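Notes follow once the structure below has been shown.
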Amino acid sequence: MLITMKRTRWCGWRLSFTAFVVVNFLPGGYSDSDPIENCKPKGGETILCNDRTEICRKLNLAVIYDVENYCSKGEVPYFNPAFICNCDVICVGALEEGAECSMNFANDYPKDLCGNGLDCISNGRTYTCQRNHMKPCVNRTIAYENAAADGMLSPGLLLPACSDIGKYGPVQCSTSSTCYCTDTDGNRLFGEAAYTEKDAMDCQCSLHWQRNDKLGLTEGMRCLSNGNLDSLQCNEDFCFCYNSTKKAIDQGPYHPTMMKLLDCYNESYHSPNYTNPCTVAEQLYLQQNPEDADSIAIGISLKPNCSLDGFFAAIQSHEENDFICADSNGKQIENFQFSVAEKPKMTCNCARRRHVMRQAGLDAFLPECCPNGNFKSRQTRGLYSFCVDGNGDQVGEAKYATEDIDCGGDCVE
Ligand SMILES: *[C@@H]1O[C@H](CO)[C@@H](O)[C@H](O)[C@H]1NC(C)=O
Ligand SMILES: *[C@@H]1O[C@H](CO)[C@@H](O)[C@H](O)[C@H]1NC(C)=O
Ligand SMILES: *[C@@H]1O[C@H](CO)[C@@H](O)[C@H](O)[C@H]1NC(C)=O
Ligand SMILES: *[C@@H]1O[C@H](CO)[C@@H](O)[C@H](O)[C@H]1NC(C)=O
Ligand SMILES: *[C@@H]1O[C@H](CO)[C@@H](O)[C@H](O)[C@H]1NC(C)=O
(Lines of atoms letter the chains of each structure in order from A and count residues from 1; the text may use other names and numbers.)
(Lines give C-alpha, C1' and ligand atoms only; values in the text may rest on other atoms or scores of the structure.)
(Ligands and ions follow the chains in the order given, each with its own letter.)
Protein backbone atom coordinates (compact mmCIF):
# COMPACT_ATOMS: atom_id res chain seq x y z
CA MET A 1 0.00 0.00 0.00
CA LEU A 2 2.64 2.47 0.99
CA ILE A 3 4.90 1.61 -1.89
CA THR A 4 2.15 2.34 -4.37
CA MET A 5 1.17 5.60 -2.70
CA LYS A 6 0.85 8.20 -5.41
CA ARG A 7 3.19 11.11 -5.61
CA THR A 8 1.54 14.14 -4.15
CA ARG A 9 2.55 17.76 -4.21
CA TRP A 10 4.73 17.40 -1.18
CA CYS A 11 6.20 14.05 -2.06
CA GLY A 12 8.87 12.87 -4.33
CA TRP A 13 11.60 15.43 -4.11
CA ARG A 14 15.11 14.20 -4.67
CA LEU A 15 16.21 13.90 -1.11
CA SER A 16 19.75 13.71 -0.07
CA PHE A 17 19.51 13.65 3.63
CA THR A 18 23.00 14.91 4.25
CA ALA A 19 22.19 18.31 2.79
CA PHE A 20 19.97 21.02 4.11
CA VAL A 21 16.45 20.09 3.07
CA VAL A 22 15.48 23.26 1.29
CA VAL A 23 18.43 22.90 -1.08
CA ASN A 24 16.62 20.01 -2.62
CA PHE A 25 13.82 22.30 -3.71
CA LEU A 26 16.11 24.49 -5.75
CA PRO A 27 16.30 23.93 -9.49
CA GLY A 28 19.60 22.85 -10.91
CA GLY A 29 21.20 26.31 -10.82
CA TYR A 30 23.43 25.68 -7.87
CA SER A 31 26.96 24.72 -8.77
CA ASP A 32 29.34 23.22 -6.27
CA SER A 33 32.33 24.53 -8.13
CA ASP A 34 31.19 28.10 -8.33
CA PRO A 35 28.86 29.06 -5.54
CA ILE A 36 30.06 32.65 -5.34
CA GLU A 37 29.42 33.39 -8.99
CA ASN A 38 25.90 32.04 -8.69
CA CYS A 39 25.20 34.12 -5.69
CA LYS A 40 25.73 37.54 -7.19
CA PRO A 41 22.56 39.58 -6.87
CA LYS A 42 20.52 39.81 -10.03
CA GLY A 43 18.23 42.76 -9.47
CA GLY A 44 17.70 42.35 -5.77
CA GLU A 45 17.49 39.11 -3.90
CA THR A 46 18.64 36.15 -5.91
CA ILE A 47 17.22 32.68 -5.71
CA LEU A 48 20.40 31.32 -4.31
CA CYS A 49 20.97 34.08 -1.83
CA ASN A 50 17.62 33.10 -0.37
CA ASP A 51 19.44 30.02 0.70
CA ARG A 52 22.06 31.83 2.71
CA THR A 53 22.52 28.86 4.99
CA GLU A 54 23.91 26.61 2.31
CA ILE A 55 26.03 29.31 0.69
CA CYS A 56 27.57 30.30 4.01
CA ARG A 57 28.34 26.70 4.71
CA LYS A 58 30.15 26.40 1.40
CA LEU A 59 32.25 29.42 2.36
CA ASN A 60 32.99 27.88 5.75
CA LEU A 61 31.36 30.77 7.53
CA ALA A 62 29.26 30.42 10.61
CA VAL A 63 25.68 29.54 9.85
CA ILE A 64 23.38 31.79 11.83
CA TYR A 65 19.97 30.18 11.85
CA ASP A 66 18.04 32.68 13.80
CA VAL A 67 19.31 36.13 12.90
CA GLU A 68 16.40 37.78 14.67
CA ASN A 69 17.48 36.44 18.03
CA TYR A 70 21.20 36.39 17.32
CA CYS A 71 22.12 39.68 18.96
CA SER A 72 21.61 40.46 22.62
CA LYS A 73 19.09 42.95 23.88
CA GLY A 74 19.99 46.52 22.95
CA GLU A 75 21.83 45.39 19.84
CA VAL A 76 20.83 44.98 16.21
CA PRO A 77 22.39 42.80 13.51
CA TYR A 78 24.54 44.39 10.87
CA PHE A 79 25.16 42.33 7.75
CA ASN A 80 28.82 42.60 6.88
CA PRO A 81 28.91 43.73 3.24
CA ALA A 82 32.38 42.23 2.82
CA PHE A 83 30.74 38.80 2.55
CA ILE A 84 28.30 37.75 -0.11
CA CYS A 85 24.77 36.76 0.76
CA ASN A 86 24.94 38.47 4.15
CA CYS A 87 26.93 35.54 5.43
CA ASP A 88 28.56 37.39 8.28
CA VAL A 89 26.52 39.15 10.91
CA ILE A 90 27.94 41.44 13.57
CA CYS A 91 25.96 42.95 16.40
CA VAL A 92 26.07 46.70 16.93
CA GLY A 93 24.36 48.97 19.42
CA ALA A 94 20.70 49.79 18.81
CA LEU A 95 19.64 53.44 18.77
CA GLU A 96 16.26 54.41 20.15
CA GLU A 97 13.48 56.34 18.46
CA GLY A 98 14.48 59.98 18.10
CA ALA A 99 18.22 59.36 18.49
CA GLU A 100 20.57 60.90 15.96
CA CYS A 101 21.91 58.44 13.42
CA SER A 102 24.32 58.39 10.54
CA MET A 103 24.05 56.93 7.09
CA ASN A 104 27.72 57.36 6.38
CA PHE A 105 29.88 54.43 7.38
CA ALA A 106 31.39 53.52 4.05
CA ASN A 107 34.89 53.06 5.46
CA ASP A 108 34.10 51.43 8.73
CA TYR A 109 31.55 49.29 10.51
CA PRO A 110 28.87 51.35 12.17
CA LYS A 111 29.12 51.51 15.95
CA ASP A 112 25.37 51.68 16.27
CA LEU A 113 22.30 51.58 14.07
CA CYS A 114 18.63 52.45 14.45
CA GLY A 115 16.92 49.77 16.50
CA ASN A 116 14.40 47.30 15.18
CA GLY A 117 11.55 48.85 13.25
CA LEU A 118 13.28 52.22 12.98
CA ASP A 119 14.84 53.89 9.95
CA CYS A 120 17.46 56.62 9.78
CA ILE A 121 15.40 59.46 8.29
CA SER A 122 16.43 63.02 7.45
CA ASN A 123 14.84 65.91 9.35
CA GLY A 124 16.37 68.55 7.14
CA ARG A 125 19.91 68.84 8.53
CA THR A 126 20.09 65.93 10.89
CA TYR A 127 19.17 62.29 10.66
CA THR A 128 17.20 60.65 13.43
CA CYS A 129 15.81 57.18 14.03
CA GLN A 130 12.11 57.20 13.24
CA ARG A 131 9.31 54.88 12.41
CA ASN A 132 8.80 55.09 8.67
CA HIS A 133 5.22 56.13 7.86
CA MET A 134 5.71 55.18 4.24
CA LYS A 135 5.76 51.50 5.15
CA PRO A 136 2.17 50.22 5.18
CA CYS A 137 2.66 47.92 8.15
CA VAL A 138 4.25 50.68 10.21
CA ASN A 139 1.59 53.14 9.10
CA ARG A 140 -1.12 50.75 10.24
CA THR A 141 0.58 50.26 13.59
CA ILE A 142 0.59 54.01 14.11
CA ALA A 143 -3.09 54.21 13.13
CA TYR A 144 -3.81 51.55 15.77
CA GLU A 145 -1.92 53.48 18.44
CA ASN A 146 -3.67 56.71 17.53
CA ALA A 147 -7.08 55.03 17.78
CA ALA A 148 -6.09 53.64 21.18
CA ALA A 149 -4.98 57.10 22.34
CA ASP A 150 -8.27 58.60 21.16
CA GLY A 151 -10.32 55.95 22.94
CA MET A 152 -11.65 54.67 19.61
CA LEU A 153 -10.04 51.27 19.62
CA SER A 154 -12.67 49.02 18.13
CA PRO A 155 -12.15 45.28 18.17
CA GLY A 156 -11.93 45.17 14.36
CA LEU A 157 -8.74 47.17 14.16
CA LEU A 158 -5.76 45.00 13.39
CA LEU A 159 -2.58 45.62 15.32
CA PRO A 160 -0.35 44.40 12.52
CA ALA A 161 2.73 42.32 13.18
CA CYS A 162 5.57 44.04 11.37
CA SER A 163 9.01 42.60 10.76
CA ASP A 164 12.14 44.38 11.96
CA ILE A 165 12.41 46.16 8.64
CA GLY A 166 8.80 47.35 8.75
CA LYS A 167 7.32 44.85 6.29
CA TYR A 168 4.39 42.63 7.28
CA GLY A 169 5.34 39.69 9.45
CA PRO A 170 3.96 36.28 8.49
CA VAL A 171 1.29 36.00 11.21
CA GLN A 172 -1.49 38.60 11.44
CA CYS A 173 -4.06 38.34 14.21
CA SER A 174 -7.46 39.94 14.43
CA THR A 175 -8.37 40.47 18.06
CA SER A 176 -10.50 37.65 19.45
CA SER A 177 -11.22 36.16 16.02
CA THR A 178 -8.57 34.44 13.88
CA CYS A 179 -4.92 34.70 12.87
CA TYR A 180 -3.87 34.17 9.29
CA CYS A 181 -0.67 34.03 7.23
CA THR A 182 0.50 36.83 4.95
CA ASP A 183 3.43 37.62 2.71
CA THR A 184 5.66 40.62 3.48
CA ASP A 185 3.28 42.93 1.60
CA GLY A 186 0.33 41.81 3.72
CA ASN A 187 -1.28 39.62 1.03
CA ARG A 188 -3.04 36.56 2.32
CA LEU A 189 -1.33 33.18 2.15
CA PHE A 190 -2.61 29.73 3.12
CA GLY A 191 -3.04 29.17 6.87
CA GLU A 192 -5.56 30.29 9.49
CA ALA A 193 -6.29 29.39 13.10
CA ALA A 194 -8.30 30.69 16.03
CA TYR A 195 -6.85 33.70 17.82
CA THR A 196 -6.38 31.57 20.93
CA GLU A 197 -3.82 29.45 19.06
CA LYS A 198 -1.71 32.36 17.94
CA ASP A 199 1.38 31.50 19.96
CA ALA A 200 1.80 28.21 18.13
CA MET A 201 1.58 29.78 14.70
CA ASP A 202 4.63 30.69 12.60
CA CYS A 203 3.37 30.31 8.97
CA GLN A 204 6.74 28.90 7.93
CA CYS A 205 5.12 26.39 5.58
CA SER A 206 3.08 29.08 3.85
CA LEU A 207 6.26 31.08 3.27
CA HIS A 208 8.01 27.94 2.05
CA TRP A 209 5.29 27.46 -0.58
CA GLN A 210 5.29 31.10 -1.56
CA ARG A 211 8.99 30.70 -2.32
CA ASN A 212 8.41 27.43 -4.17
CA ASP A 213 5.61 28.93 -6.26
CA LYS A 214 7.86 31.82 -7.23
CA LEU A 215 10.49 29.33 -8.35
CA GLY A 216 7.90 27.29 -10.23
CA LEU A 217 8.40 24.27 -7.99
CA THR A 218 5.45 21.94 -7.47
CA GLU A 219 7.02 19.81 -4.77
CA GLY A 220 7.76 20.76 -1.23
CA MET A 221 6.85 20.14 2.36
CA ARG A 222 3.43 19.49 3.82
CA CYS A 223 1.74 22.13 5.94
CA LEU A 224 -0.58 22.12 8.92
CA SER A 225 -3.83 24.05 8.63
CA ASN A 226 -2.34 26.98 10.57
CA GLY A 227 0.39 27.42 7.95
CA ASN A 228 3.12 25.78 10.04
CA LEU A 229 5.25 22.96 8.70
CA ASP A 230 4.04 19.51 9.64
CA SER A 231 6.88 18.14 11.73
CA LEU A 232 6.32 14.73 10.11
CA GLN A 233 7.31 14.80 6.45
CA CYS A 234 7.07 11.79 4.15
CA ASN A 235 7.58 10.91 0.56
CA GLU A 236 7.15 7.47 -0.93
CA ASP A 237 10.60 6.35 0.19
CA PHE A 238 11.22 8.08 3.50
CA CYS A 239 9.69 9.75 6.52
CA PHE A 240 11.48 12.08 8.86
CA CYS A 241 10.88 14.62 11.61
CA TYR A 242 11.66 18.16 10.61
CA ASN A 243 12.30 20.86 13.18
CA SER A 244 11.41 24.23 11.71
CA THR A 245 13.17 26.14 14.47
CA LYS A 246 16.44 24.40 13.78
CA LYS A 247 15.60 24.12 10.07
CA ALA A 248 16.96 20.62 10.21
CA ILE A 249 15.93 16.99 10.35
CA ASP A 250 15.57 15.87 13.96
CA GLN A 251 14.96 12.18 13.42
CA GLY A 252 14.98 9.80 10.47
CA PRO A 253 14.93 9.08 7.63
CA TYR A 254 12.83 5.98 8.34
CA HIS A 255 11.11 3.76 5.85
CA PRO A 256 7.41 4.77 5.62
CA THR A 257 6.36 1.47 7.23
CA MET A 258 8.17 2.63 10.37
CA MET A 259 6.60 6.08 10.35
CA LYS A 260 4.84 5.45 13.65
CA LEU A 261 8.14 5.04 15.44
CA LEU A 262 9.10 8.63 14.78
CA ASP A 263 8.62 10.97 17.74
CA CYS A 264 6.79 13.49 15.56
CA TYR A 265 4.13 10.97 14.51
CA ASN A 266 0.93 12.13 16.17
CA GLU A 267 -1.78 9.49 16.41
CA SER A 268 -4.55 12.08 16.61
CA TYR A 269 -3.47 13.89 13.49
CA HIS A 270 -1.45 11.65 11.16
CA SER A 271 -2.90 8.74 9.22
CA PRO A 272 -0.72 5.65 8.94
CA ASN A 273 -0.23 6.27 5.21
CA TYR A 274 0.38 10.01 5.53
CA THR A 275 -2.63 10.89 3.42
CA ASN A 276 -5.24 13.45 4.39
CA PRO A 277 -8.92 13.50 3.34
CA CYS A 278 -8.60 15.78 0.30
CA THR A 279 -5.53 13.96 -0.99
CA VAL A 280 -7.46 10.70 -0.76
CA ALA A 281 -10.40 12.25 -2.63
CA GLU A 282 -8.08 13.71 -5.24
CA GLN A 283 -6.38 10.36 -5.85
CA LEU A 284 -9.77 8.73 -6.25
CA TYR A 285 -10.84 11.43 -8.67
CA LEU A 286 -7.67 11.02 -10.71
CA GLN A 287 -8.17 7.25 -10.86
CA GLN A 288 -11.65 7.81 -12.26
CA ASN A 289 -10.50 10.51 -14.65
CA PRO A 290 -7.04 9.42 -15.71
CA GLU A 291 -7.17 11.00 -19.17
CA ASP A 292 -7.93 14.56 -18.33
CA ALA A 293 -7.06 15.52 -14.82
CA ASP A 294 -8.23 19.10 -15.28
CA SER A 295 -11.64 18.52 -16.81
CA ILE A 296 -14.85 18.57 -14.82
CA ALA A 297 -16.05 15.00 -14.56
CA ILE A 298 -19.60 14.31 -15.70
CA GLY A 299 -21.69 12.09 -13.52
CA ILE A 300 -18.84 10.80 -11.40
CA SER A 301 -17.53 13.34 -8.97
CA LEU A 302 -16.19 16.86 -8.95
CA LYS A 303 -12.51 17.52 -8.71
CA PRO A 304 -11.63 18.29 -5.11
CA ASN A 305 -9.69 21.47 -4.41
CA CYS A 306 -6.99 20.59 -1.89
CA SER A 307 -4.90 22.95 0.18
CA LEU A 308 -1.29 22.63 1.28
CA ASP A 309 -2.20 20.57 4.34
CA GLY A 310 -3.93 17.87 2.30
CA PHE A 311 -7.36 18.96 3.56
CA PHE A 312 -10.06 20.70 1.54
CA ALA A 313 -9.60 24.33 0.43
CA ALA A 314 -12.29 26.90 1.22
CA ILE A 315 -13.71 27.00 -2.32
CA GLN A 316 -15.12 23.72 -3.69
CA SER A 317 -17.06 22.94 -6.86
CA HIS A 318 -20.60 21.95 -5.98
CA GLU A 319 -23.05 21.36 -8.79
CA GLU A 320 -22.56 22.39 -12.36
CA ASN A 321 -21.50 26.06 -12.32
CA ASP A 322 -21.86 26.36 -8.56
CA PHE A 323 -19.35 26.61 -5.75
CA ILE A 324 -19.61 26.35 -1.99
CA CYS A 325 -17.54 27.55 0.93
CA ALA A 326 -16.28 24.40 2.60
CA ASP A 327 -14.61 23.47 5.85
CA SER A 328 -11.36 21.53 5.86
CA ASN A 329 -13.26 18.26 5.50
CA GLY A 330 -15.03 19.48 2.37
CA LYS A 331 -18.39 20.01 4.05
CA GLN A 332 -20.39 23.10 3.15
CA ILE A 333 -20.18 25.84 5.79
CA GLU A 334 -23.69 27.02 6.70
CA ASN A 335 -25.41 27.94 3.39
CA PHE A 336 -22.56 29.74 1.69
CA GLN A 337 -22.75 29.21 -2.03
CA PHE A 338 -22.15 31.16 -5.25
CA SER A 339 -22.20 30.82 -9.02
CA VAL A 340 -19.29 30.53 -11.42
CA ALA A 341 -19.95 34.12 -12.57
CA GLU A 342 -19.24 35.36 -9.05
CA LYS A 343 -16.20 33.18 -8.52
CA PRO A 344 -13.45 35.70 -9.41
CA LYS A 345 -14.56 37.86 -6.47
CA MET A 346 -15.08 35.08 -3.94
CA THR A 347 -12.69 34.13 -1.19
CA CYS A 348 -14.88 32.43 1.44
CA ASN A 349 -12.65 34.25 3.96
CA CYS A 350 -15.64 35.26 6.08
CA ALA A 351 -17.26 31.81 5.97
CA ARG A 352 -13.99 30.17 6.97
CA ARG A 353 -13.35 32.64 9.77
CA ARG A 354 -16.83 32.01 11.18
CA HIS A 355 -16.21 28.28 11.01
CA VAL A 356 -12.77 28.42 12.61
CA MET A 357 -14.11 30.65 15.39
CA ARG A 358 -17.07 28.36 16.06
CA GLN A 359 -14.80 25.34 16.23
CA ALA A 360 -12.72 27.12 18.84
CA GLY A 361 -15.78 28.18 20.85
CA LEU A 362 -15.35 31.88 20.01
CA ASP A 363 -19.02 32.40 19.19
CA ALA A 364 -19.51 35.80 20.76
CA PHE A 365 -18.20 38.01 17.95
CA LEU A 366 -18.76 36.03 14.79
CA PRO A 367 -18.29 38.22 11.72
CA GLU A 368 -21.25 38.82 9.43
CA CYS A 369 -20.89 37.31 6.00
CA CYS A 370 -22.66 37.77 2.68
CA PRO A 371 -24.44 34.71 1.25
CA ASN A 372 -21.40 34.12 -0.97
CA GLY A 373 -19.04 33.80 2.00
CA ASN A 374 -17.28 37.17 1.67
CA PHE A 375 -17.31 39.70 4.50
CA LYS A 376 -20.13 42.18 4.81
CA SER A 377 -18.55 45.59 4.25
CA ARG A 378 -19.91 46.95 7.51
CA GLN A 379 -19.30 45.02 10.70
CA THR A 380 -20.57 45.84 14.17
CA ARG A 381 -18.97 44.65 17.36
CA GLY A 382 -20.11 45.94 20.68
CA LEU A 383 -20.36 49.71 20.60
CA TYR A 384 -18.67 50.21 17.27
CA SER A 385 -19.31 49.82 13.56
CA PHE A 386 -16.58 49.93 10.96
CA CYS A 387 -15.80 49.05 7.34
CA VAL A 388 -13.58 46.05 6.68
CA ASP A 389 -11.19 44.80 4.00
CA GLY A 390 -11.17 41.35 2.41
CA ASN A 391 -9.67 39.84 5.55
CA GLY A 392 -12.38 41.28 7.79
CA ASP A 393 -10.01 43.82 9.33
CA GLN A 394 -11.09 47.39 9.90
CA VAL A 395 -10.25 50.08 7.32
CA GLY A 396 -10.75 53.72 8.21
CA GLU A 397 -12.13 54.90 11.50
CA ALA A 398 -14.73 53.22 13.65
CA LYS A 399 -18.03 54.96 14.38
CA TYR A 400 -20.52 54.38 17.14
CA ALA A 401 -22.89 51.67 16.00
CA THR A 402 -25.81 54.10 16.05
CA GLU A 403 -24.13 56.36 13.46
CA ASP A 404 -24.30 56.02 9.69
CA ILE A 405 -21.25 54.67 7.96
CA ASP A 406 -20.75 54.29 4.23
CA CYS A 407 -18.63 51.31 3.33
CA GLY A 408 -19.45 51.41 -0.40
CA GLY A 409 -21.60 48.36 -1.10
CA ASP A 410 -22.91 45.58 1.09
CA CYS A 411 -20.22 42.99 0.51
CA VAL A 412 -16.45 43.27 0.29
CA GLU A 413 -15.42 42.26 -3.21
C1 LIG B 1 -0.86 56.19 6.34
O2 LIG B 1 -2.11 56.09 6.99
C3 LIG B 1 -2.98 57.20 6.82
C4 LIG B 1 -4.23 56.95 7.64
O5 LIG B 1 -3.91 56.62 8.95
C6 LIG B 1 -3.30 57.37 5.36
O7 LIG B 1 -4.11 58.51 5.17
C8 LIG B 1 -2.01 57.53 4.58
O9 LIG B 1 -2.27 57.57 3.20
C10 LIG B 1 -1.07 56.38 4.85
N11 LIG B 1 0.20 56.61 4.18
C12 LIG B 1 0.79 55.67 3.43
C13 LIG B 1 2.08 56.08 2.83
O14 LIG B 1 0.33 54.56 3.27
C1 LIG C 1 13.27 22.04 17.69
O2 LIG C 1 14.52 22.56 17.99
C3 LIG C 1 14.52 23.52 19.05
C4 LIG C 1 15.89 24.15 19.12
O5 LIG C 1 16.91 23.21 19.07
C6 LIG C 1 14.08 22.81 20.33
O7 LIG C 1 14.09 23.74 21.39
C8 LIG C 1 12.70 22.26 20.12
O9 LIG C 1 12.29 21.54 21.25
C10 LIG C 1 12.64 21.35 18.90
N11 LIG C 1 11.24 21.02 18.62
C12 LIG C 1 10.78 19.77 18.60
C13 LIG C 1 9.34 19.60 18.29
O14 LIG C 1 11.51 18.81 18.81
C1 LIG D 1 -1.20 15.76 18.59
O2 LIG D 1 -2.09 16.58 17.87
C3 LIG D 1 -3.15 17.11 18.65
C4 LIG D 1 -4.12 17.82 17.74
O5 LIG D 1 -3.51 18.39 16.62
C6 LIG D 1 -2.55 18.03 19.73
O7 LIG D 1 -3.58 18.57 20.53
C8 LIG D 1 -1.57 17.24 20.58
O9 LIG D 1 -0.94 18.09 21.51
C10 LIG D 1 -0.53 16.54 19.73
N11 LIG D 1 0.26 15.65 20.56
C12 LIG D 1 1.58 15.69 20.62
C13 LIG D 1 2.23 14.68 21.48
O14 LIG D 1 2.25 16.50 19.98
C1 LIG E 1 -4.99 6.04 4.09
O2 LIG E 1 -5.62 5.87 5.34
C3 LIG E 1 -6.90 6.45 5.46
C4 LIG E 1 -7.41 6.25 6.86
O5 LIG E 1 -6.44 5.80 7.73
C6 LIG E 1 -7.84 5.84 4.42
O7 LIG E 1 -9.10 6.48 4.49
C8 LIG E 1 -7.27 6.02 3.03
O9 LIG E 1 -8.08 5.38 2.07
C10 LIG E 1 -5.85 5.47 2.96
N11 LIG E 1 -5.32 5.83 1.65
C12 LIG E 1 -4.50 5.04 0.95
C13 LIG E 1 -4.03 5.55 -0.36
O14 LIG E 1 -4.18 3.94 1.35
C1 LIG F 1 -9.33 26.37 -4.56
O2 LIG F 1 -9.39 27.07 -3.32
C3 LIG F 1 -8.61 28.26 -3.29
C4 LIG F 1 -8.63 28.80 -1.87
O5 LIG F 1 -9.95 28.88 -1.39
C6 LIG F 1 -9.12 29.24 -4.32
O7 LIG F 1 -8.33 30.40 -4.33
C8 LIG F 1 -9.12 28.59 -5.70
O9 LIG F 1 -9.73 29.46 -6.63
C10 LIG F 1 -9.88 27.26 -5.67
N11 LIG F 1 -9.70 26.58 -6.95
C12 LIG F 1 -10.72 26.12 -7.65
C13 LIG F 1 -10.37 25.43 -8.92
O14 LIG F 1 -11.88 26.21 -7.28
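Keep in mind that glycine also has a Cβ here, set from the backbone N, Cα and C atoms.
Summarising the annotation, TrEMBL assigns signal peptide to 1-31.
Among the features that TrEMBL reports, domain 'Thyroglobulin type-1' is placed at 126-205 (among others).
The domain 'Thyroglobulin type-1' feature in TrEMBL is assigned to 347-407 (among others). When DSSP labels each residue, the domain 'Thyroglobulin type-1' (347-407) comes out as 11 helix, 19 strand, 31 coil, counted as helix, strand and coil in that order.
In the structure as shown, the Cβ atom of C369 (disulfide bond) sits within 10 Å of 25 other Cβ atoms. Per TrEMBL, disulfide bond is recorded for C350-C369 (among others).
In sequence order, S377, R378, C387, V388 make up the list of same-chain residues 6 or more apart from C407 (disulfide bond) whose Cβ falls under 8 Å from its Cβ. Positions annotated as disulfide bond by TrEMBL: C387-C407 (among others).
Counting residues of the domain 'Thyroglobulin type-1' (126-205) by DSSP class, helix then strand then coil, yields 22 helix, 22 strand, 36 coil. Around the Cβ of C350 (disulfide bond), the number of neighbouring Cβ atoms within 10 Å comes to 28.
Across the residues of the domain 'Thyroglobulin type-1' (126-205), the predicted structure has a mean pLDDT of 91.
If you draw a 10 Å sphere around the CB of C387 (disulfide bond), it holds 22 other CB atoms from the protein chains shown.
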